[in-house]
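I have a structure I would like to understand better, so I am pasting it below and will then ask my questions one at a time.
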Amino acid sequence: MPESATLPPPLYPGLKLTALAPMQDVTDWRFMRIIADYGSPDYFFTEYFRVYANSSVDKNILRSITENSTGCPVFAQMIGESIPDLVRIAKDLNQYPVAGIDLNMGCPAPKIYRKNVGGGLLRDPEKIHRILGSLRESIDGLLTVKMRIGFEDTANFEHILDLINLHKIDLLSLHGRTVKEKYHSAVHYDLIAHATQQVNCPVLANGNVTSATTAGIVLENTGAAGVMIGRAAIRNPWIFKQIRESFSGKPVSKVTLAEVRDYIERLRLTPIAPTLPEKMRANYMKKYLNFIGQSVDGAGAFLREMRLAQSESDILGICDRYLLTFPDREFALEPYPGVVARPNCETTPELVAN
Ligand SMILES: Cc1cc2nc3c(=O)[nH]c(=O)nc-3n(C[C@H](O)[C@H](O)[C@H](O)COP(=O)(O)O)c2cc1C
């Protein structure tokens, strides 16, 4: 059996780990680059590579590995259930400079879990046993898992944690919700705390870590080795830097609305955006602004106006009005209460990748 490697060291030894959560149609190589410029997390994860009979490695997703200019490790995430194909694609991915291979056992989209992949696997520990065993046996290097606490309930949780140990998984990213709880319920941090006690590998606590303050609270309550952050990093790409400041006992940097306007411009200028037709360019911007808008104004007026806009230029006009009228005003560290991103899950508009 190949020996497992050791995890890449954190950027700042002694501080807890941070990771950008994988997000389909968001965390491509361009977005990772932007995030790294505002203060990189320790680890990145790719969007999931779909694995099935005769599947090949998706070339666009592969770019987040081959064109990774963040200077930080990238784990390649796979979703699938066919063991020979998972092994085949994991070996292919291992030809590239990946930090490790990650298995998705959490995706809550019905079209995914109905195929018994992603979160669907959590219903079948026996299958998980065979998948992890085969991957561990046949691939070199780090093998990591990202999962939820269960499918409908947590009946299989203990058993799956035992499998994480049995197959010597190197890192567990744990979203503290069941598949059926999707993205909206309270996060069961108590079960993340339980997992950190049960498993032999480091655990990244995931779910609703919205700021440096909540990162500190979640780490204290769970004892996890670090935090994995998704939606809050789209809203506030400075979050990883702010967490490091807070963990080192320094004041957390404030961000002005003008700086947020610059971030939006960077998103707009990612190479994909100018090549899209107008309607799609507007949707492309809305995908990010949906989250950013949660910290712009407490009444949610920015989000309401932005959602009604039909063109990119209308959207940018709204951004200018809300962000550059009082450019020195602070961008809220937390989302304003009641100002919600809609949708705030994996239902982003289909985009044509170039
Ligand atoms: C738009 C979007 C796409 C996502 N795509 C993936 C994915 O490809 N793989 C995965 O494991 N999780 C995916 N997730 C789940 C996130 O990685 C994360 O577990 C979840 O958003 C909870 O963390 P948060 O509260 O910090 O956002 C996605 C989430 C969102 C919002």
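Backbone N, Cα and C define each Cβ position, glycine as well.
TrEMBL lists these features:
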type	residues	note
DOMAIN	20-276	domain 'DUS-like FMN-binding'
BINDING	GLN77, LYS146, HIS175, GLY230, ARG231	FMN binding site
ACT_SITE	CYS107	active site, proton donor
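So where do these features actually land, and what's packed around them?
The Cβ of ARG231 (FMN binding site) has 22 other Cβ atoms within 10 Å, all protein chains considered.
Classification of CYS107 (active site, proton donor) by DSSP places it in coil, neither helical nor stranded.
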Return the maximum Cα to Cα distance in Å (whole number) over the record's FMN-binding residues: GLN77, LYS146, HIS175, GLY230, ARG231.
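The two farthest binding residues have Cα atoms 18 Å apart.
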Using the alpha carbons only, what distance in Å do you get between LYS146 (FMN binding site) and CYS107 (active site, proton donor) once rounded?
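The Cα atom of LYS146 (FMN binding site) is 9 Å away from the Cα atom of CYS107 (active site, proton donor).
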Roughly how many angstrom lie between the C-alpha atoms of GLN77 (FMN binding site) and CYS107 (active site, proton donor)?
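With distance taken Cα to Cα, CYS107 (active site, proton donor) is 12 Å from GLN77 (FMN binding site).
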Going along the chain, which residues six or more apart from GLY230 (FMN binding site) have their CB under 8 A from its CB?
LEU20, ALA21, PRO22, MET23, ASN206
Counting only residues 6+ away in sequence within the same chain, which have a CB under 8 Å from the CB of HIS175 (FMN binding site)?
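Result: GLY106, LYS146, MET147, ARG148, ILE149, VAL187, ASN206, GLY207.
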Taking the Cα atoms as reference points, how far is ARG231 (FMN binding site) from CYS107 (active site, proton donor) in Å?
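Rounded to a whole number, the Cα-Cα distance is 15 Å.
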